[in-house]
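Q: Take a look at this one; I'll ask things after.
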Ligand SMILES: [Cu+2]
């Protein structure tokens with residue numbers, strides 16, 4: 001059970017991210033139906049009917065996903081409570097959060113029924129269900145647990161979610177509608193209306209975001225000195241990126257007015273990237289629920305001086321401490337010796353899930369820094385080769401840049417688990433009994449497969465196929481998950497300083513993935529510009545890893 | 001068999017960094033703002049009153065306070081149901097020694113967090 005509560009922290013963030021995605025797509029789909037698909041159905045002719053049907057289907061299936069996510073959330077939290085506090089099932093289901101969750105499920109079920117079964121539901125009824133869902137969702141946000149400013153916070157939390165639903169949640173339906181239309185006038189109609197809708201969505205987000213930042217973060221030191229503030233910063237960065245894409249799409253829609261023959265490929269491609277970054281933003285939002293608001297942390301904040309000091313570049317450490325010197329092996333050795341003296345079985349030095357943190361000493365920190373620095377060299381090399389390849393320099397050599405990933409894989413294979421073969425005493429095959437080793441091995445295998453795959457894309461003629469999209473999707477996904485992974489415990493400064501370096505890494509990874517996506521999917525000249533961005537992201541990540549420090 | 005990385009950080013997304021061995025931060029939302037006894041503080045025995053104040057409204061019925069005694073045995077302390085909505089209070093009769101109070105709270109918004117308050121009971 002103790003293990004469950006450890007995993008629970010991470011699972012609940014992932015689950016929460018998925019819930020936000022499903023919720024905004026369900027509500028966004030319904031709002032798209034209310035404000036675009038229905039009003040324009042007649043004007044768009046047969047295409048209009050098609051768009052109506054498909055919008056309902058998107059909203060309906062998203063609502064199904066929302067039911068699943070919400071049920072899983074209640075089940076997960078309930079399981080932890082039943083297992084740790086001796087509560088009955090009924091006790092758990094009557095908790096405030098569980099009641100709000102049940103209302104959410106009910107409203108979502110209503111949306112499923114209306115979307116699939118009742119195509120002529122009056123628009124005010126649909127809007128009513130949307131509001132019910134929003135209200136219930138708002139009761140499971142931080143705002144509801146606040147002691148002060150609870151009502152204004154509940155209102156802006158609701159507004160925030162509404163804005164996200166209108167804008168990001170509506171984009172899948174928008175792309176679908178663009179794909180169904182076939183002439184400039186239809187594109188213009190759809191594009192123009194969606195522009196108006198997203199402007200309203202952006203306004204909701206701006207107003208509510210600013211209010212929440214003011215009430216939850218408070219001041220500048222709260223912004224850079226706490227995990228909460230750093231995550232809000234990451235959200236702002238992605239929001240700014242989305243605004244740029246949205247603004248460029250707005251200009252394109254305006255151009256359709258004067259010239260209905262304007263190609264709309266860019267509109268669709270940018271919208272795809274908006275979905276990707278938007279969903280990443282949702283995961284960042286989900287991870288905010290696992291950290292305490294900055295305003296509650298008046299002590300133990302990281303100061304500006306500490307940030308500057310930690311991030312002042314130093315020479316990378318390219319020599320490693322001996323693994324016997326690490327805290328855990330050293331402690332285990334001591335325990336083993338004591339047990340042997342008493343003729344007993346040695347206790348493990350660390351039990352995963354016990355709720356304790358594994359011991360760490362200075363050598364552990366050196367070990368970790370060394371790993372990061374060498375990984376940085378690999379990534380930097382990859383970036384430089386990719387950039388040279390882009391600049392048409394030494395192409396017979398530089399086009400093989402994905403092979404550098406194999407080197408990284410070998411390095412990780414050697415360094416992830418110092419206790420096992422070939423560095424440690426434990427044999428290669430027997431170590432497979434350890435779940436953690438297996439997971440590290442899987443990651444190494446994944447790196448190898450990924451590297452060979454992208455290499456085939458570059459030199460093996462897969463470039464024009466869907467296979468080319470695997471690399472951008474995987475890197476963007478990695479960045480998104482890295483954003484959700486980091487949650488400094490409220491008062492541990494060191495972890496926050498580490499998190500401060502991981503956030504730009506995650507953002508760079510997201511930018512890398514989506515710029516490569518645009519390079520593949522856009523027409524000239526846009527794809528050329530995008531083609532320079534992602535190698536630069538690689539180089540940036542390489543430097544960040546090289547300057548990574550834990551002390 | 002020793003592992004230097006805890007289970008919580010074994011998820012694919014951050015796998016590269018996990019494989020690199022960066023330390024895993026824990027999760028925290030409802031945090032302890034103040035407590036009696038204080039973290040690493042002392043209390044006078046034998047009758048010790050506990051008062052933990054959080055940054056959130058707490059579900060008293062669905063939270064738990066567990067005391068680890070000097071002999072490593074554990075004891076669940078009953079939580080007073082009528083306290084202020086951001087506080088947990090309880091009492092215990094304790095002998096001198098080193099104790100740890102582990103709290104696990106359910107915030108009203110559904111988030112579960114936990115933490116420790118190590119303290120010593122003084123005496124003669
Ligand atoms: Cu919360």
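Just so it is clear, glycine is given a Cβ too, placed from its N, Cα and C backbone atoms.
Okay, so TrEMBL annotates it like this:
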| type | residues | note |
| --- | --- | --- |
| DOMAIN | A:190-288 | domain 'Copper resistance protein D' |
| REGION | A:337-357 | region 'Disordered' |
| TRANSMEM | A:13-37 | transmembrane segment |
| TRANSMEM | A:97-118 | transmembrane segment |
| TRANSMEM | A:125-147 | transmembrane segment |
| TRANSMEM | A:159-178 | transmembrane segment |
| TRANSMEM | A:199-217 | transmembrane segment |
| TRANSMEM | A:229-252 | transmembrane segment |
| TRANSMEM | A:273-295 | transmembrane segment |
| TRANSMEM | A:370-388 | transmembrane segment |
| TRANSMEM | A:400-417 | transmembrane segment |
| TRANSMEM | A:437-455 | transmembrane segment |
| TRANSMEM | A:467-484 | transmembrane segment |
| TRANSMEM | A:529-548 | transmembrane segment |
Q: If you average the pLDDT over the domain 'Copper resistance protein D' (A:190-288), what number do you get?
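A: Summarising the domain 'Copper resistance protein D' (A:190-288) by its mean pLDDT gives 85.
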Q: DSSP says what for the domain 'Copper resistance protein D' (A:190-288): how many helix, strand, coil residues?
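A: Secondary-structure composition of the domain 'Copper resistance protein D' (A:190-288): 90 helix, 0 strand, 9 coil.
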Q: Count the CB pairs under 8 A between the transmembrane segment (A:97-118) and each of A:13-37, A:159-178, A:273-295, A:467-484, then give me the winner.
A: A:13-37
Q: Which of A:229-252, A:273-295, A:400-417, A:529-548 has the most Cβ pairs closer than 8 Å to the transmembrane segment (A:159-178)?
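A: Of the candidates A:229-252, A:273-295, A:400-417, A:529-548, A:273-295 scores highest.
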